[in-house]
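Enquirer: Questions regarding the structure given below will be posed in turn.
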Amino acid sequence: MGFLRETVFGELVEYVSHNSNDNDLEKLRVWKDISKVDSNDSCSSESGDLKIHEVNSEGHIIVRWDDANDPENPLNWPLWAKLVVTFDICFLTFAVYVGSAIFTPGISEMQETMHVGTVPVVLGLTLFVLGYAIGPLILSPLSEIPQVGRQKIYVLSLLVFVCLQIPTALGSSLGVLLPMRFLAGFFGSPALATGGATLADIWQPWLLPYFMCFWAIGAIGGPVLGPLLGGAMVVAESWRWQFWLLMMISGFALIVIFFFMPETSEWHILYKRAKRFRKITGNENYRTEAELASSHLSVAQLAKETIIRPIILSISEPIVLSLNIYIGLIYSILYLWFEAFPILFTSVYHFTIIENGLVYLGILVGALITLACYFVFLYKVMIPAFMASGGDFAPEGVLVISFPATFFIPICLFWFGWSGRESVHWIVPIVSTLFYASGAFLMFQSMFQYLAASYPKYVASVFAGNDLFRSAMAASFPLFARAMFNNTGPSYAPVAWGSTILGIVACLMIPIPFVLHKWGLKLRSRSKYAS
């Protein structure tokens, strides 16, 4: 594997210099393959180290991996290369997710600059989240097309994301701010929706859960550190510097993936191999299975696959619908806290903007503690069970992880709401956020694993629908959060009754994983989509 050669930078250098990355050994292998196919007209046989490509009924020579140890297969890359790609995805996810919360410390200044109320400015947060809810329905499926791959989607969409921060920082009206924020969320979405697929490209199933956890920490770290970084910019300069800083962070991520992010999509790598074979031999029959399958898709079929099916699954499947609502609530609480924390810690404890940003670190600490415990659970329980079953296990088994987590969310909300008063030390409500982080982390890990195992054939559609559902819910919460807390009070505990309302809703959700654990198999057996 030529690591740098397979990056966007390497491909550009190759294109400009007109150098072919084919070598004499590969050419020799291709010609030997062709001679064997022509002489034997056989398929799936081997001679020495050379695999004869299968010839289908239409005369296409199907290009696959040479064998299980093919070095171009991302699963066979060296450890250092996999770790570099994992870092790329985690940092890219952080760089986009930080864009949601980095916005919040400057809301008051933006109100003064634009002469508008709170809700119109908060729409900048709402539309950003809504943008990365809709984006995956359009951009993520493009990464599954063999001719496109994942790498170029990451680079091009992030380039647009970086450029959009310039008019956002320079604008002085909602007419500029709101469309730019929506577009930024839209073009930042591939990292959030496709990052997990990239990790699945390079890590074996028994190692993937560990590295998915690191990716989750990157996703949590963005919103958690955003208020601190944005607050520092507001204090040091102005609200405009929130977006200049976001441009710098995402610009650095763009440089990293431009130089150090190779293509990981199996379909695209094999497509490029088939393309090289066609170029070397002049034989246009060299094709990949994915290439042939995608060539038969019409625009209507593609729309059904990417837009309609995720919505149908989200509404018609009881398992998917119930988990989407639950995950949506948990996800929305995080964005609601972007309004609740300033109300509590600024009005009651008189924190500065910087100090208020530090409050969110409690969530990150809770996530890191849970991560360490979850790793032990994976190593001692989950992975051995997976290996012992040969990968054939009931999906409901993973829901056990969520059982304690279902109680953590309401505990956190009641604790946070009623401890947030001047007579109670400020550290007490912050400690409650550790329970939220732990509950959210475990719930997301178990429920996403359950959805993936229950709908293996339609996992992309299920995850796209979940992303749309939870992000749409989260986008709406900041719009009514301040009014809810201000109107419910009481004045000595301003977030108490608002948190209590959410805590009661969270209590109503507690039975969901238990019900699915007991009756999930029956529900799946009645579904035409589930395994």
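We count from 1, first residue shown onward.
Every residue gets a Cβ built from N, Cα and C, even glycine.
Take a look at what Swiss-Prot says about it:
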{"type": "TRANSMEM", "residues": "83-103", "note": "transmembrane segment"}
{"type": "TRANSMEM", "residues": "119-139", "note": "transmembrane segment"}
{"type": "TRANSMEM", "residues": "158-178", "note": "transmembrane segment"}
{"type": "TRANSMEM", "residues": "182-202", "note": "transmembrane segment"}
{"type": "TRANSMEM", "residues": "214-234", "note": "transmembrane segment"}
{"type": "TRANSMEM", "residues": "241-261", "note": "transmembrane segment"}
{"type": "TRANSMEM", "residues": "325-345", "note": "transmembrane segment"}
{"type": "TRANSMEM", "residues": "358-378", "note": "transmembrane segment"}
{"type": "TRANSMEM", "residues": "398-418", "note": "transmembrane segment"}
{"type": "TRANSMEM", "residues": "424-444", "note": "transmembrane segment"}
{"type": "TRANSMEM", "residues": "495-515", "note": "transmembrane segment"}
Enquirer: Mind checking which residues of the chain, 6+ beyond the ends of the transmembrane segment (214-234), have their Cβ under 8 Å from one of its Cβ atoms?
Expert: 86, 89-91, 93-106, 109, 192, 195-196, 199, 241-242, 244-245, 334-335, 338, 341, 353-354, 356-358, 360-361, 363-364, 367-368, 371, 437, 441, 444-445
Enquirer: Given pairs 6 or more apart, does the transmembrane segment (241-261) have at least three Cβ pairs under 8 Å with the transmembrane segment (398-418)?
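Expert: Between the transmembrane segment (241-261) and the transmembrane segment (398-418), contact is absent.
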Enquirer: Hey, would you say the transmembrane segment (398-418) packs against the transmembrane segment (158-178), going by three or more CB pairs under 8 A that are 6+ residues apart?
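Expert: No, since the transmembrane segment (398-418) and the transmembrane segment (158-178) share fewer than 3 Cβ pairs closer than 8 Å, they do not count as touching.
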Enquirer: Check the transmembrane segment (325-345) against each of 119-139, 158-178, 182-202 and return whichever range has the most CB pairs under 8 Å.
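Expert: Stretch with maximum Cβ contacts: 119-139.
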Enquirer: Which listed stretch (83-103, 119-139, 158-178, 424-444, 495-515) has the most C-beta pairs under 8 A with the transmembrane segment (358-378)?
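Expert: Ranking 83-103, 119-139, 158-178, 424-444, 495-515 by Cβ pairs under 8 Å to the transmembrane segment (358-378) puts 424-444 first.
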Enquirer: What residues elsewhere in the chain lie close to the transmembrane segment (83-103), defined as a C-beta under 8 angstroms and at least 6 residues from its ends?
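Expert: Residues 3, 124-125, 128-129, 132, 154, 158, 161, 181, 184-185, 188-189, 191-192, 195, 198-199, 202-203, 211, 214-215, 217-219, 221-227, 229-230, 233, 242, 245-246, 249-250, 252-253, 256-257, 260-262, 264, 335, 338, 360 contact the transmembrane segment (83-103) from elsewhere in the chain.
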